[in-house]
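S.K.: Here it is, the structure, as structure tokens.
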Amino acid sequence: MPGITREEVAHLGRLARLELSGEELDHFAGQLDDIIGAVARVSEVAGEDVPPTSHPLPLTNVMRQDTVRPSLTAQQALSGAPAQEQQRFKVPQILGEEA
Amino acid sequence: MTDIIRLTAAETAARIASGELTAVEVAEAHLARIEAVDEKVHAYLHVDREGALAQARAVDAKRAAGEPLGPLAGVPLALKDIFTTEGVPTTVGSKILEGWIPPYDATVTKRLKDADVVILGKTNMDEFAMGSSTENSAYGPTGNPWDLTRVPGGSGGGSAAALASYQAPLAIGTDTGGSIRQPAAVTGTVGVKPTYGGVSRYGMVAFSSSLDQGGPCARTVLDAALLHEVIAGHDPMDSTSIDAPVPPVVEAARSGDVAGLRVGVVKELGGEGYQAGVVERFNESVELLRGLGAEVVELSCPSFTYALAAYYLIAPSECSSNLARFDAMRYGLRVGDDGSHSAEEVTALTREAGFGPEVKRRIILGTYALSSGYYDAYYGSAQKVRTLIARDFERAFEQVDVVVSPTTPTTAFPIGERVDDPLAMYLADLCTIPVNLAGNAAMSLPCGLAPEDGLPVGLQIIAPALKDDRLYRVGAAVEAAFVAKWGHPLLEEAPQL
């Protein structure tokens with residue numbers, strides 16, 4: 001199985017929204033390559049006929065009654081917000097200026 | 001005068017109920033202990049002095065008014081900092097949540113409060129519960145009360161160290177790959193990972209949702225059972241909560257009869273790579289069980305040798321997805337919001353600043369394992385291994401009632417030894433991980449000291465899903481036999497702090 005390169009770590013960092021430093025890229029690339037080398041053996045053992053298990057409990061579609069019940073107030077929900085305005089979460093710019 | 005801090009939770013509750021002690025006296029004794037020793041141990045990230053005393057006063061008022069008290073009323077507890085607590089900081093050991101005050105209680109927190117348990121504070125942990133030593137905490141490591149230069153295990157090292165240093169008689173942990181049992185083993189305390197779905201995950205910050213399970217930590221098997229009963233049971237707020245009665249754990253802990261019980265010893269959970277003293281104490285435990293009338297059966301579970309590899313694909317995959325919620329928009333840290341960065345850049349800058357190295361490693365590993373092209377080979381194969389492990393357990397439990405093993409391959413290792421060697425660190429969970437992958441129940445309890453270093457060794461007991469009571473039955477029998485043999489509980493041999 002392929003190893004993991006510094007460039008791949010940088011790409012994965014972008015996918016995962018982590019602004020990794022150059023030093024981290026060097027450090028993690030070696031470590032992740034070792035870890036992947038050690039865990040890749042999972043593909044040796046299980047054949048086509050083995051079904052995957054995603055979860056220990058055989059539960060599907062656990063629903064509650066669609067009725068109104070008490071929940072957090074807007075004030076409570078916003079209590080940890082880094083920035084807020086008019087009872088809403090205030091976020092940095094998400095679209096280009098010219099839009 | 002009674003040394004309040006050395007009482008068990010059961011003794012403490014009985015003395016409060018009888019009026020021999022007040023809940024306020026008990027809380028004050030523990031707060032004084034924390035003041036005296038926690039600078040050295042660093043078990044707590046936050047001590048809620050006012051909240052604890054208020055809860056204790058409420059218990060005393062209830063008693064004075066003749067109102068009924070719960071079985072653990074007035075008993076102090078150390079809560080792992082992964083459970084939300086309304087009005088009290090919750091950091092998960094991470095800088096990304098530094099200063100966050102949750103607006104709601106986790107179900108576990110709420111049940112503790114409803115049972116009149118006194119929450120002393122929040123305990124240190126590896127960041128987002130990722131680690132086996134508590135060194136990955138953004139707020140500094142915790143020392144093992146047996147030797148402060150060694151780790152208390154992890155991720156729940158703070159909870160285990162609080163118990164072992166008499167800073168609380170009860171604690172709560174969470175166990176994704178061993179984070180309750182491994183700290184219990186290396187600190188000479190008791191820790192239980194209930195059956196998956198047995199204790200609500202609502203308000204428990206998610207790391208790997210199909211593996212995470214909260215559970216009780218204590219100094220005795222009975223105390224763990226009493227706490228188990230308080231926190232367990234169906235919760236509509238957690239869609240993976242089991243809608244079934246809580247197994248009769250307290251009754252089992254009081255019985256402790258193992259005559260005729262079939263105990264399995266799994267070949268793959270031992271042998272090469274295990275510290276000599278750990279093997280010696282484990283073999284002694286098996287002989288002790290035989291002496292108590294249990295029948296010992298040797299078993300093989302061949303797929304267990306792949307458990308660690310499967311775990312380090314499944315847990316990082318789920319974590320990379322779960323931790324996407326830390327986006328700097330709704331709560332927690334925000335970095336770079338100076339008008340020059342887009343929301344996406346702010347998210348990336350915040351996550352870079354707020355997460356520590358192990359969390360980043362696992363997010364990247366999980367992102368890799370879930371990538372198109374690698375998914376089948378890594379995540380897909382790991383899920384198949386999970387099936388094989390569950391089948392191995394099913395076959396084992398056709399032949400035996402419980403399985404026993406060492407909890408960890410070694411005793412507590414020195415702080416700093418494995419912190420930048422992820423693969424060496426991951427080996428600490430070799431024996432505990434198969435249980436999380438299958439979703440069944442397990443306990444660790446002390447079985448003596450390793451002769452070569454004088455540090456505690458843990459015995460792991462594993463039961464089938466929903467048979468948590470068997471852990472307590474066997475645990476109580478083993479504990480009673482060892483205490484009779486030693487002449488005192490193991491923790492009495494720990495050095496004075």
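Cβ atoms are placed via backbone N, Cα and C, with glycine included.
So TrEMBL lists the following for this protein:
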- B:LYS80: active site, charge relay system (ACT_SITE)
- B:SER155: active site, charge relay system (ACT_SITE)
- B:SER179: active site, acyl-ester intermediate (ACT_SITE)
- B:25-471: domain 'Amidase' (DOMAIN)
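Help me understand the surroundings of these features in the structure.
M.R.: Shown in sequence order, B:LYS122, B:THR123, B:MET125, B:GLY156, B:GLY158, B:SER159, B:ALA171, B:ILE172, B:GLY173, B:THR174 are the residues of the chain, 6+ apart in sequence, with a C-beta less than 8 angstroms from the C-beta of B:LYS80 (active site, charge relay system).
The secondary structure of B:SER155 (active site, charge relay system), as reduced to three states from DSSP, is coil rather than helix or strand.
The Cβ of B:SER179 (active site, acyl-ester intermediate) lies under 8 Å from the Cβ of B:MET125, B:ASP126, B:ALA129, B:SER132, B:GLY154, B:SER155, B:GLY156, B:GLY173, each of which sits 6+ residues away along the same chain.
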S.K.: Taking DSSP three-state, what's B:SER179 (active site, acyl-ester intermediate) in: helix, strand or coil?
M.R.: coil
